[in-house]
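*Asks:* This is the structure I have questions about; it appears just below.
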Amino acid sequence: MSASSDLSTPVSKSSEPAAGSTGEGTSKGTSKSPALEIIDLSLGFGKQAAPILSLPHLAIAPGTLLGVAGPSGSGKSSLLYLLSGLLRPTKGSVHWGDTDLTSLSEGACDGWRRRHVGFIFQDFHLIGELAPLENVLLPAGFHGWRIPADLRKRATTLLDLVGVPTNRGSVADLSRGEQQRVAIARALLFDPPILLADEPTASLDAVAADNCADILFANARENNRTLIVVSHDHTVIDRCARVLHFDKGRLLTKTEAA
Amino acid sequence: MNPFPIVFASLRRHWVMNILFIALIAVAVAIGVGITAQERALRQGSAHAADKFDILVAAPGSHTDIVMNTIFLRPSAVNLLEGPIWSKLLNDDRVDFAAPLAFGDSWQDHSIIGSTAQFIDYLSGGLRDGAMFADHEEAVIGAAIPLEIGDTFEPAHGHGFEAEEHHHHGVNITVVGRMHATGTPWDSAIIVPVEQVWEVHSLSAGHAESDHDEDHDHAATGSEDHADHDVHDDHDGDTAHEHEDDHDHDHDHDHGHETVKLGPPFDGVDLPGVPAMVVHPKSIAGAYGIRSSYRTDHSTAFFPAEVLIEMYQMLGNAGTVMRWMALGTQALVVAAILAAVLALMQIYRKQFAVLRALGAPRSYIFGSIWLYVAILVVFGAAIGLALGWAMAQAVSQVFTAETGMAMTATIGRPELGLAAGFVIIGFALALVPAFMLYRKPVVEALRGS
């Protein structure tokens with residue numbers, strides 16, 4: 001396994017297009033990753049209730065490694081869902097490059113997310129009955145019937161790079177660390193410019209957590225991808241260039257690595 | 001969009017429940033298919049059994065009883081058609097063919113019917129093996145009788161328990177021929193000369209008087225059946241002459257070796273009664289004429305098809321009730337499965353939310369759930385179709401073994417329509433869980449445990 005290997009193999013136009021190559025959401029910056037700008041963001045449930053997340057302004061450059069920290073219920077995961085378009089803010093807007101997520105229809109938002117975002121979850125959420133390779137290739141079936149050969153090759157390469165043998169029968173037979181690495185490979189299938197990770201190491205032991213973090217950060221760094229990690233794990237947060245500390249839905253502090 | 005990987009994974013994950021779903025659907029479809037196929041097989045089998053019985057003429061009584069006796073060989077007590085009446089029928093110009101049918105005896109629960117060689121030819125189209133009976137103590141057996149040519153058997157009076165308890169006639173009958181298979185209850189019948197039945201029941205021989213007749217005390221048992229001989233004089237002239245010739249020959253021998261007179265023409269004098277006559281008319285007009293002429297105080301004539309239609313109507317009513325019950329069962333099964341699938345969807349909720357987070361469009365989620373339920377329905381219906389056919393076949397075999405009536409249950413358009421209807425309803429109902437999960441908020445599901 002090599003955490004610093006090149007994972008940015010381009011995917012052909014016949015499969016899912018790489019994000020930076022599409023008109024929608026094209027970055028203003030020099031890298032493939034679009035810049036993020038949040039303006040007057042507020043998320044609440046019901047008109048009278050206080051917002052559960054409020055963020056007046058945030059701008060991050062393409063390729064930023066951003067950590068989001070804070071106690072449970074502080075709005076960290078909600079921020080991730082807002083940034084991916086899974087949640088619509090009560091007020092304000094989320095811009096990725098030229099794309100205002102809040103102005104997209106649900107279908108367009110699904111398409112944007114598929115092309116631009118790789119999601120990694122705490123509990124991996126793999127399909128236990130499928131083999132590692134089938135799990136990695138699962139998103140390829142969202143819009144196409146046949147899986148292009150180059151995408152299949154990329155999935156195999158990704159599994160090889162994260163150190164999971166492709167000949168394993170089912171992901172249920174893998175260790176938790178291996179399962180999370182399969183989930184990372186799945187998130188990287190379409191070479192997305194944005195990686196969102198929600199507590200990616202929370203259910204792993206220290207060695208496996210470190211290993212997964214290595215892969216994530218190495219990929220983001222080497223390929224200039226924007227990585228936003230929600231975590232309680234200091235060993236993960238400490239790797240980030242910028243860290244946002246939230247409490248009760250409000251941004252308390254921003255810290256930047258020296 | 002290719003939802004098959006996720007669908008197959010879902011099918012594998014809860015495979016026990018999915019097999020249960022498929023089994024429930026299969027049983028529900030099989031009940032409907034089985035009932036429909038079996039009912040049709042019964043109609044076709046009974047209609048085929050009645051093919052050769054255009055008109056039945058018998059003593060007044062229940063037509064259903066007469067049909068059950070003559071066509072389906074289910075013995076029951078019927079009055080006897082007086083000799084002069086059936087004798088007259090034999091000479092009716094409108095009749096192409098007629099034969100007496102005399103029931104009452106059995107061997108190992110196989111009905112022994114007294115009739116004529118002409119009837120055997122008419123029923124079976126000749127013999128498959130052996131020869132036609134030429135003596136009172138000879139018999140032609142149906143295709144399914146477990147006897148060989150040359151075997152002998154002793155007839156008993158009555159059927160079943162009655163035959164075991166009551167006396168045997170003390171006569172040994174030799175099998176001389178076997179009929180072709182007819183696919184009717186008559187394959188399990190033994191046919192002897194009608195004269196043999198009269199003889200063992202101490203009735204007159206049906207032919208001109210002879211020493212043979214005098215051996216029996218027919219007055220003691222048969223007189224009540226043929227007290228009225230008014231019509232005998234109408235036609236006994238010719239037969240009397242024939243019998244004179246026969247008598248010379250008949251009386252030269254004892255029973256075992258004499259060339260006896262069997263079958264028509266019968267001697268009109270002192271002719272015993274018979275339970276029924278089977279009649280094949282020369283024309284349709286003749287058929288209606290015969291039916292009309294023989295509906296008197298002393299006889300009844302009818303088309304067995306009329307009785308069968310009445311039976312089919314009853315059967316149809318019962319079939320309709322059963323079909324509705326089957327439909328009700330299917331509806332319950334569909335409702336139960338739908339409820340179970342909805343419960344299952346709560347388990348799958350987070351899985352599909354994750355897929356949405358990975359970029360799956362709503363249509364992918366909708367298609368996956370719909371396809372999952374649709375596969376269960378299609379497999380269940382296909383297995384149900386096969387199971388229903390197998391059930392109908394099994395029931396048909398039991399029916400055939402019990403009645404001798406050949407029944408072949410087949411899968412026809414009604415059964416295919418029923419299964420297709422179930423599938424279409426299943427496809428429509430599969431939209432419910434698909435739509436429900438389609439609408440579920442993704443984040444709520446992602447946050448759920």
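Any Cβ shown, glycine's included, is placed from N, Cα and C.
Unlike curated records, TrEMBL annotations are generated automatically.
Sharing the features that TrEMBL gives for it:
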- B:208-260: compositional bias 'Basic and acidic residues' (COMPBIAS)
- B:331-441: domain 'ABC3 transporter permease C-terminal' (DOMAIN)
- B:205-265: region 'Disordered' (REGION)
- B:15-37: transmembrane segment (TRANSMEM)
- B:324-349: transmembrane segment (TRANSMEM)
- B:369-395: transmembrane segment (TRANSMEM)
- B:416-438: transmembrane segment (TRANSMEM)
*Asks:* Using a Cβ-Cβ cut-off of under 8 Å, list the residues of the same chain that are 6+ residues beyond the ends of the transmembrane segment (B:416-438) and lie near it.
*Replies:* 25, 28-29, 32-33, 36, 330, 334, 338, 341-342, 345, 348-349, 352, 362, 365-367, 369-370, 372-374, 376-378, 380-382, 384-385
*Asks:* What parts of the chain pack near the transmembrane segment (B:15-37), using Cβ distances under 8 Å and only residues at least 6 beyond its ends?
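*Replies:* Tertiary neighbours of the transmembrane segment (B:15-37) are 319, 322-323, 326-327, 329-330, 332-334, 336-337, 340-341, 344, 376-377, 379-381, 383-385, 387-389, 391-392, 395, 409-412, 414-415, 418-419, 422, 426.
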*Asks:* Could you tell me the mean pLDDT over the domain 'ABC3 transporter permease C-terminal' (B:331-441), as a whole number?
*Replies:* 87
*Asks:* Per DSSP, how many helix, strand and coil residues does the domain 'ABC3 transporter permease C-terminal' (B:331-441) have?
*Replies:* 96 helix, 0 strand, 15 coil
